[in-house]
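Novice: If you scroll down you'll find the structure; I have some questions about it.
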Amino acid sequence: MLPKGVLLFLVLIVLVQHFATVQTTNAIERPSAPSSQCTSSHESCVLRVMCEVEPRARTTLVPCLTADGLEGVCCSVAKEGKQRKKRSLPFELSQELFQNAVGEGHRVYTRKLANIDHHREVMRGGSVDTLVRQFHAPPGEPLGAEDPTAYEDMFVARSFANALNLSVAERLDLPELTLDPALRRKRCLPPRSCDPHARYRSLDGSCNNPVPARSSWGAAGYPFERLLPPAYEDGVWAPRVHSSVSGRLLASARDISVAVFPDVDRRDRKFNLLLMQFGQFMSHDFTRSASVRIGQEEVQCCNAEHSGALRGEQAHFACMPIAVSPADPFYSRFGIRCLNFVRLALARDGKCRLGYGKQLNRVTHFIDGSAVYGSNEALAASLRTFEGGRLRSSFPTGEELLPFARTRAACEPWAKACFRAGDDRVNQIVSLTEMHTLFLREHNRVATALAALNRHWDDERLYQETRRIVGAVMQKIFYNEYLPSIVGHSKARQYGLLDSHGEQTDFYSPDVKPAVFNELSGAAFRFGHSTVDGAFLIQHRHRRTELVPIQEVFLNPSRLLQRSFFDDFLFSLMDQPQQQLDDSITFGLTRLLFAGRNPFGSDLASLNIQRGRDHALRPYNDYRSWAGLERLTSFEQFGPVGARLASVYEFPDDVDLWVGGLLEPPTQDGALFGETFAAIISEQFARLKFGDRYYYTNGPRTNPGFFTGEQLRELSKVSLASVICANLDQADGFSAPRDAFRQPSEHNPPVPCQTLVGMDLSAWRGH
C-alpha cells in the first residue's frame, strides 16, 4: 500500500482495450437484398455506424432494414450494465516507478529542447521548403498554440514502457491515469462548459455533444482517431519505416513515387475538375494538421544545399526527411538528395491517457463551414463586417472577392493578390480560392436576403442564421452530390449517407464519436491528388482560351483580379475533365509543387507516402482485411502495376495504404476507387453525420437549431449548380449542367441558370 502521506498524485491503473467501441467498427459484406428482420433475439437492426465491434475481429454483419426503411446491420445488443473485460496487469506499478518514468521523460525532453536551441536550424525565406511548409501552416494565422506537453508525454511514455520492458503490443495498451487536479489540467484536454440548448454551433466545434466528458469530441484541437491501431515501431511515436516482414528499411517515399506514379494524361470520362476542387475545399473544412515548429520558426531537416539530411544533434526530433536517390530522374539534375519533411504536431489526449502519439486537428472535425468562418472566435471576428450579418469582402474590379490578407506571407512575393478566409490554405491554388470566393458570396447573398425579410433582426442574428443556412447547404451538397459521386450511390445508401429530402430526422447518437480518422486524413482522402490535371484550360467568354500550368497558380490567385474571371473559371472547371484516378499523378504535383520561380519544387506523392508513415498507418493489406477483402500475397495480384511495386517494395504486406488504395480497381457500383478507400470514406462520413447533433436534417428532439419542415423542403432544392448560378456576376447567358460534378453531355446537358432555382428564403421570414 502507498503511504497515506504521499499526496502528490494517485495512480489508478486501468488497462483498457485499445479502442473504445464508439470509435471502432469492422467491415461487412452485404448481399444485394437485405432482410427486414434479425433472426437472433440478441440482435437489433441499426445503422452500420451504430454497431460496435472489435477492430481486429473478422466479423460479417448481416444486412437488414431499420424501422425507418434504411439499410442497416443486425447488431448484437450488449446487456445493460455489462462491462467489458479488463486484462490484469502482468506487473505491479508503484508510485515511485511512475514518478521515475515521468522524471526521466522530462529530463530527456529538456535535453532535446536544449539541443534544438543550440543547433537551431530554420528555413531560408523563398526556399522550396518554406513554400511547402506554407502548404501545412502559413505563418501569422490564429491556429492555436502548439502544446509542448504532448511531446514531453511521448518521452515519458517511452521511459515508462522501457522501465517495464513492455512489448510493442503492450505499449499500445498503456494504462489510463487518474491524476491530481494540477496534473490533469496540464495533461488533458480541458472540459467545456456547455449549454445543451444553444441554437447555434460553437465556432470551435465544442459542445456538439453536451455530455461533459464528451464536450470536446470533434472540436478544434481534438486529435485524429483511428480505425486500426497504429504501427508505431516502438508502440509510442516512432514512425513506420521498416518492413513488418523482414525488418529492413522501407524504400524511400521518393523512390516509390518515381517508380509507381508517372505522369500520364488519362482524362476521366464522367467527372470534371470541379469534383476534384470541391473535394479539396471540403477537406479543409474538417482536416487541418500542421508540422512541428520551433516556436514560430520552421524546422529544417536537410542541409542548406539539400545534398543530405541533418544528422545527430543537428537534427530535430521531429525530422523525417525524404531521401532522394543520386539517380533520381528529375532531382539529380539539381543535386537534390533530400526533401524536407517534418512530423505532424501532436495533441493532448482527452482521457489523460499515457500512450501513443495522436496527431492534432486544428479545425473542427464537423462539416460546418469552418473553412468559410474559421474555427475560433478571433479568426471568425476578423472576417466579419458586423453590419447586416455580412462577411468582409473586397471589390477591386467591382466584382466581389475575398478580403485581402493583411500580409503576403502565404503567397508568392510577386503575387498581385493574396486573400484571407476561414482557412489559411485559401491561396494554395487559384481553383481553391475560387471555391472560397463562391461560398463567401453565398453567405453575403443569403445574409442580404434575410435582412430584407426580417428587418428586426440585428447583425448577430443575421450572421448566425446565415452561417447556419450556409453550413446546411454545404452538408446537403457534400452528402447528396459529392459523396455519391466518389463512393457510388449503393455505398452511400448502405452507410446512410443520403438524406431524406425535406424530412426531419432523429439519427443523432451521443455514442458516435465525430472525429476524423488518421486513415482518412493521412491516406484515403488524398485520392484526389491523382485526379488533378497539370493545367487549367480557362475558357474566357470575351477573350482567347488560356492554358495555365498549375505551378503558375500555386500561392498566386492574382487571376481573380481579371474582370469576369470568376464566372469564366467556374464554367471551365465544370467543362474540363478531371484526370482518371489511377497510377498516374501530374508532374505539376510530383516535381513542381510550390516551385515558384525555382526550376524544381517538392513532390506531393512522396509527401503523402511519408505522411502515412508519420501517422503510423498500417500497411494497405491490413485495411483490405478491415474492409472485408482478401489480403494480397503476391505483386502479380496488383495487376499490371505489380512489377513496378515489386521494384520498390520487398513484400505485398509492406505496401503503404495511400499507394495500395489508389491502385485498387474501382468498385462495380460507380465509385472512383476500390472497396478499401470506399469503405474508409463511407465509414468516416457516417460517423461525422450520425455523431453531429447539429446535422441540418435533425429535428427538435435532437437539434436545438433545427430547421422547420418548410425550410428543409427549400434546402432540398439546393444543388451546387444552383449555388453557382446564384452567385455569378453575369448569370444571363450562363448555362450549367444540373449535376455540377459531371461533364456536360447529352445526359447532363447545360441548362440556363434561370432554370436552376435554389431555395426560397421566404421560408425564413419571421422565424
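Just so it is clear, glycine is given a Cβ too, placed from its N, Cα and C backbone atoms.
Since we're looking at a predicted model, the values are computed, not measured.
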Novice: Among Cys188, Cys207, which cysteine does Swiss-Prot link to Cys194 through a disulfide?
Specialist: Cys207
Novice: Sequence order is fine: just name those recorded positions in Asn165, Cys194, Cys418, Trp658, Cys725 with a Cα within 10 angstroms of Trp237 (N-linked glycosylation site).
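Specialist: So the list is empty; none.
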Novice: Measure from the Cα of Trp457 (N-linked glycosylation site) to the Cα of every one of the recorded positions Cys194, His284, His529, Cys753, then give the nearest.
Specialist: Cys194
Novice: Counting only residues 6+ away in sequence within the same chain, which have a CB under 8 Å from the CB of Cys725 (disulfide bond)?
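Specialist: Looking at Cβ-Cβ distances below 8 Å from Cys725 (disulfide bond), excluding near sequence neighbours, one finds Ala731, Phe734, Ala736, Cys753, Leu756, Gly758.
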Novice: In the structure shown, which of the glycosylation sites Trp237, Trp457, Trp764 has the fewest Cβ neighbours within 10 Å?
Specialist: Trp457
Novice: Which number gives the other C-beta atoms within 10 angstroms of the C-beta of Cys194 (disulfide bond), all protein chains shown included?
Specialist: 17
Novice: Would you identify which of the recorded positions Tyr331, Trp658 has the most other C-beta atoms lying within 10 angstroms of its C-beta?
Specialist: Trp658
Novice: Near His284 (active site, proton acceptor), meaning Cα within 10 Å, which of Asn165, Cys207, Tyr331, Cys411, Arg425, Trp658 (recorded positions)?
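Specialist: The recorded positions passing the 10 Å Cα test are Arg425.
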Novice: Rank the disulfide-bonded residues Cys207, Cys411, Cys418, Cys753 by the number of other Cβ atoms within 10 Å of each Cβ, and give the residue at the low end.
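Specialist: It is Cys753 that, of the disulfide-bonded residues Cys207, Cys411, Cys418, Cys753, has the fewest other Cβ atoms within 10 Å.
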Novice: Rounded to a whole number, how many Å is the Cα of Cys194 (disulfide bond) away from the Cα of Cys418 (disulfide bond)?
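Specialist: Cys194 (disulfide bond) to Cys418 (disulfide bond), Cα-Cα distance: 37 Å.
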